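Engineer: From Swiss-Prot, for reference:
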- C99-C138: disulfide bond (DISULFID)
- C102-C115: disulfide bond (DISULFID)
- C128-C214: disulfide bond (DISULFID)
- C132-C216: disulfide bond (DISULFID)
- C192-C208: disulfide bond (DISULFID)
- 111-217: domain 'C-type lectin' (DOMAIN)
- 1-8: topological domain 'Intravirion' (TOPO_DOM)
- 30-223: topological domain 'Virion surface' (TOPO_DOM)
- 9-29: transmembrane segment (TRANSMEM)
Amino acid sequence: MVSFKQVRVPLFTAIALVIVLLLAYFLPPRVRGGGRVSAAAITWVPKPNVEVWPVDPPPPVNFNKTAEQEYGDKEIKLPHWTPTLHTFQVPKNYTKANCTYCNTREYTFSYKERCFYFTKKKHTWNGCFQACAELYPCTYFYGPTPDILPVVTRNLNAIESLWVGVYRVGEGNWTSLDGGTFKVYQIFGSHCTYVSKFSTVPVSHHECSFLKPCLCVSQRSNS
């Protein structure tokens, strides 16, 4: 028979047993497993099915198509506007001015013998033809060419945009009162364009009746 004195318990084992006994005595019933909480158990709930809509992404929009080509209808029926395609005609009395003038106190900037103005008042795109023609002598609604556009956008802040005089009539090319052909980021059915701080080309707008400042220009005298 083995006596109690002959049983040797390692020191760390004895300490561990003492700690367990103390915890069992002092911890409250809920932690020890007593009381009502002890009956609770963790229930694993399977992940519910999440419906993702649409399953497939929508097809990309072809901005080179007209609404009629895209939808089979000449009019785009949207909640707050119904623009009719290709109805724009250049106002008869507003053309490129053949004279020189520069209001050095009021121009926004001057570049390549031209003075550029961002109108202080906002107008519809069509209204910019009249607004620019009446701004100062020799001013007209201007469509920025690729070499001028970066200078225009540098003079805009991050939240500004303004109407520019790049347009098209019917299915024709994008042009301006100065003539030439322009590359435009196109929204089908629109004939009006604007630029903002980060524009690399003029952008056509879906609603030409929105109010924005206009880009006007006049030729500066060489003298």
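For all residues, glycine too, the Cβ spot is worked out from N, Cα and C.
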Engineer: If one looks at the chain holding C128 (disulfide bond), which residues at least 6 apart in sequence have a CB under 8 angstroms from its CB?
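Structural biologist: Listed in sequence order, they are T119, F141, W163, G165, C214, L215, C216.
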Engineer: What's the CA to CA span in angstrom from C132 (disulfide bond) over to C99 (disulfide bond)?
Structural biologist: 14
Engineer: Checking your reading of the structure: which of the disulfide-bonded residues C138, C192, C208 lie inside a 10 Å Cα sphere centred on C102 (disulfide bond)?
Structural biologist: C138
Engineer: When DSSP states are folded down to helix, strand and coil, where does C192 (disulfide bond) land?
Structural biologist: coil
Engineer: Take the C-alpha atoms of C115 (disulfide bond) and C138 (disulfide bond) and report the distance between them in angstrom, rounded.
Structural biologist: 10
Engineer: Suppose we draw a 10 Å sphere around the Cβ of C208 (disulfide bond). How many other Cβ atoms does it contain, all chains included?
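Structural biologist: For C208 (disulfide bond), the count of other Cβ atoms within 10 Å is 21.
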Engineer: Report, in whole Å, the straight Cα-to-Cα distance of C138 (disulfide bond) from C208 (disulfide bond).
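Structural biologist: Cα of C208 (disulfide bond) to Cα of C138 (disulfide bond) measures 25 Å after rounding.
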